[in-house]
Amino acid sequence: MAATEAPTGVLTRVARSRGTSPLARYGSVLATLVTLVLVFVIGSTRYTGFLDSQTILNLFIDNAFLIVLAVGMTFVILTGGIDLSMGAVMALSTMVTARLLIAGWAPGPVIAAVLVLGCLFGLGVGFFIRVFEVQPFIATLAAMFLARGLCFVVSPNSLSITDPFFVSLSQSRIRLWPTGTAFDGRTLYAFISPSVIVALVIVAIAAWVLHATRFGRTVYAIGGNQGSAELMGLPVARTQVLVYVVSGLCSAIGGLIFATYSLSGYALTGVGVELDAISAVVIGGTLLTGGSGFVIGSLLGVLVLGTIQTIISFEGTLSSWWTKIVIGALLLVFVVLQRLLIIRRRT
Amino acid sequence: MRSLTRSNVFWPLIALVALLAVNVAARPGFLGVRMQDGHLYGSIIDILRNTSPILLVAIGMTLVIATRGIDLSVGALVAIAGAVACTQIAASPSPGSAATVLIAIGTAVLVCLVLGVWNGFLVSVVGIQPIIATLILMTAGRGIAMLVTGGQITTVNSPLYKSIGAGYLLTLPVSAIIAGVVLAATALLTRRTALGTLVESVGINPEASRLAGVRARSIIWTVYVFSALCAAIAGILISSNVTAADANNNGLWIELDAILAVVIGGTSLMGGKFSLTGTLIGAFIIETLRITVISLGIAPEVNLVFKAVVVILVCLLQSPVVQRRFRARRRAVAQEHGEAVEVVA
């Protein structure tokens, strides 16, 4: 390919060649997987009980909402965009859920309303970006302010959810396999929450959409080279708006999961969580310039972040701010790794 | 070219005047300034002082954005600068002495400069996209600031240090004077020398400017160091104003406000032409908006909704689509405006 490697280092949106060999194609995801295993090995050698199956399952339970957000973020980033509004839209979803339930709505319509709200929000953002040619960064920043502000309009205080359906959902545990016997003779089971299943199903659907549908191919094509995609006659405009609808929908689902997880709606839910999602996507091997990456990588990225958090909480004496420093360092390693990968592919 | 710059600043200026008009309508004495305790006193003076940190960060951000970059780490740098300066002053036996304060400020600036060099290195030498290169420090930076303060909110008791952010010189807020001097120096450096043009050329086409003999790499590197310097000064102003280093909250989201100020001021995130005047107006809009919401008696949190509306409006007015329509049908300006707003709402 015509590699116009800018010596200044400012990455131009040159179409990136995707390697033909599986190793080159999945290299970045493989690196994430190796990191995840490595982090687990470090954790398990330092702490007993770290490799307990429930510790691993808790990773999924605690980060189910982040997995869903990272999936939505992957779509946006694959087109070369970014969505800073995800955390705020998620918070707005928890607020609306709580408010509607308090107003006496049935759970079904509430869930439907929140999902529609998320889609509409994403549609507005996508429209703003596509039609008015506002940069995604600024458009989603404005959306973030709007959603966060609307949270406070809904209620400045935390709203608790007492609806029986949501309460039973938050308490329900799906038993997987027996892990032992409690002191009173009951059998203990490894369990997950329903939200984990929702998150994993969404990952599966997203992977299918990206790799087996026209929409998915167009997403990759736009990220690879928008001009070429347009010349090829692909529905660039529609797809560009749709990826923000997807991220809005994922934010709404993330909000619903968080609402069942915490049984409350709170305006300051998920402040900065969009940065976690971006970090997860990047650690998962997706290029921020778009066109290259996998949803499964983002899932692994979330698990890496979650494991680091678990290690630091297991350590006990380590203060929480080490999480930030470690995640920053990890981001650095992965970004430099990706950079080297790109340079090697070009030569 | 003059007229073009003027038209870029036109809409932001209208927005600022409109905001001020709302304030005057709500509180007729809003624009009044009087002498009290030997310095000027009034809402306008408050706005001047409170805008200073955002303005400082936004000045650095303007140059970074002009090179088609972005610096997300400035908020974390603000926290680090405050943390470094405050812990030193707090640990010193004579917190009020000029030597202590100067050394503290010097170290804080130095630390931030080193971090700026780091950012610049990642972007210009390693070639990582600016948004992700600075995201690294944005994530890790607050952790580093916490490390410096030991997780505590470090309060300082130094009248001299407090006077930087909260004091007055020649009846004006010291912080406003500092921000003004930095703005003037930057304007002088970029507009009276070729530096501004070089920065713009790098932003418009890094490859072409390199071929034309512009040292793109050093210029990009420099703007990140400069942005870190601005963030360091802003961090000192903020921590001095509240006489404390709060690693979690000092300069929280200031990077977003600064980017907004730059964009509202008419500098495109796609790089190239930049306008320091626009950035100045943008910073004033953001602070005036905050004051307006408070003085109208609306809950401060709802400020975010208004901020969003202002950003959306200004972006819409500057968007190519609307600009084209303006040109096509100048007579229907008011009507267009209404339409554009409806679409988003």
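A Cβ is built for glycine as well, from the same backbone N, Cα and C atoms used for every other residue.
What TrEMBL says about this one:
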TRANSMEM  A:23-43  transmembrane segment
TRANSMEM  A:55-77  transmembrane segment
TRANSMEM  A:84-104  transmembrane segment
TRANSMEM  A:110-129  transmembrane segment
TRANSMEM  A:136-155  transmembrane segment
TRANSMEM  A:188-210  transmembrane segment
TRANSMEM  A:241-261  transmembrane segment
TRANSMEM  A:267-287  transmembrane segment
TRANSMEM  A:294-314  transmembrane segment
TRANSMEM  A:320-342  transmembrane segment
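If you count C-beta pairs under 8 angstroms between the transmembrane segment (A:84-104) and each of A:110-129, A:136-155, A:188-210, the highest count goes to A:136-155. In summary, the transmembrane segment (A:188-210) does not lie against the transmembrane segment (A:136-155): fewer than three C-beta pairs, each 6 or more positions apart in sequence, are under 8 Å. Sequence-distant neighbours of the transmembrane segment (A:294-314) (same chain, 6+ residues past either end, Cβ-Cβ under 8 Å): 26, 28-29, 32-33, 35-36, 39-40, 42-43, 46-47, 50, 55, 58-60, 62-63, 66-67, 70-71, 73-74, 203, 206-207, 210, 276, 279-286, 320, 322-323, 326-327, 330. Same-chain neighbours of the transmembrane segment (A:55-77): 49, 83, 86-87, 90, 136, 176, 190-193, 195-196, 198-200, 202-203, 206, 210, 219, 223, 243-244, 246-251, 253-255, 257-258, 261, 270, 273-274, 276-278, 280-281, 284, 286-288, 290, 293-295, 297-299, 301-303, 305-307, 310, counting only residues six or more beyond its ends whose CB sits under 8 Å from a CB of the stretch. Distant neighbours of the transmembrane segment (A:241-261): 64-66, 68-69, 71-73, 75-76, 78-79, 81, 83, 85-87, 89-94, 96-98, 111, 114-115, 117-123, 125-127, 129-130, 140, 161, 166, 169-170, 193-195, 198-199, 202, 215, 219, 269-270; these residues of the same chain sit at least 6 beyond its ends, with a Cβ under 8 Å from one of its Cβ atoms.
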